[in-house]
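A.B. asks: According to Swiss-Prot, the protein carries these features:
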{"type": "DOMAIN", "residues": "1-207", "note": "domain 'Protein kinase'"}
{"type": "BINDING", "residues": "Lys4", "note": "ATP binding site"}
{"type": "ACT_SITE", "residues": "Asp96", "note": "active site, proton acceptor"}
{"type": "MOD_RES", "residues": "Thr126", "note": "phosphothreonine"}
{"type": "MOD_RES", "residues": "Tyr128", "note": "phosphotyrosine"}
Amino acid sequence: VAVKKIMKPFSTPVLAKRTYRELKLLKHLKHENVISLSDIFISPLEDIYFVTELLGTDLHRLLTSRPLEKQFIQYFLYQIMRGLKYVHSAGVVHRDLKPSNILVNENCDLKICDFGLARIQDPQMTGYVSTRYYRAPEIMLTWQKYDVEVDIWSAGCIFAEMLEGKPLFPGKDHVNQFSIITELLGTPPDDVINTIASENTLRFVKS
């Protein structure tokens, strides 16, 4: 088994909510491509331990150790999308999908993990989610109305990284990240830009 330690999860309201959210989701999500929770216990110091299945490594370690052959890329992508389909059908948005949150075992079985930032689908979402390289533009542009498409964007970034062996959008900060995306994909159309609520962000995009 694997044990995930969460130190002092009750020390702040944010940590407490995040821990409760992850525990609640892991308790109910049951799928071949989603990590399963086998047990949980609290230490005398009030640290929480999640006991899960052990897979051995993660996709980030694989990508930094060697190039992936085509058949492995296909199989990994299939399992990622299969897991996401299940998670999304349960009304959940992961919001922090990245190679280090995708576990792999010696048989190339893959499981999505770390649901600490996941949320039940809601018309209003917070923008502070997801590691920068895999963050969808609508999150960077401070949109609060987004849905499962942010996970699909992250999956696309991971797919490109598996093909190229390096991150597709390795931004140094939010501004540089958005610039790299628009250089490759172009500027969003006006009807999309005009939905941006923040005036500062709107001026930046139009510039």
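One is the number of the first residue shown, and numbering goes on along the chain from there.
Every residue, even glycine, has its Cβ placed from backbone N, Cα and C.
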A.B. asks: For Lys4 (ATP binding site), just count the other CB atoms lying within 10 A of its CB, please.
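C.D. replies: For Lys4 (ATP binding site), the count of other Cβ atoms within 10 Å is 16.
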A.B. asks: Helix, strand or coil for Lys4 (ATP binding site)? Use DSSP.
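C.D. replies: The residue in question, Lys4 (ATP binding site), is strand (DSSP, three-state).
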A.B. asks: To the nearest Å, how far is the Cα of Asp96 (active site, proton acceptor) from the Cα of the residue listed as 'ATP binding site'?
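C.D. replies: So the alpha carbons of Asp96 (active site, proton acceptor) and the residue listed as 'ATP binding site' sit roughly 17 Å from each other.
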A.B. asks: Can you give me the average pLDDT across the domain 'Protein kinase' (1-207), rounded to a whole number?
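C.D. replies: The average pLDDT of the model in the domain 'Protein kinase' (1-207) works out to 86.
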A.B. asks: Take the Cβ of Asp96 (active site, proton acceptor) and count every other Cβ within 10 Å, whichever protein chain it belongs to.
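C.D. replies: Its Cβ shell of radius 10 Å holds 20 other Cβ atoms.
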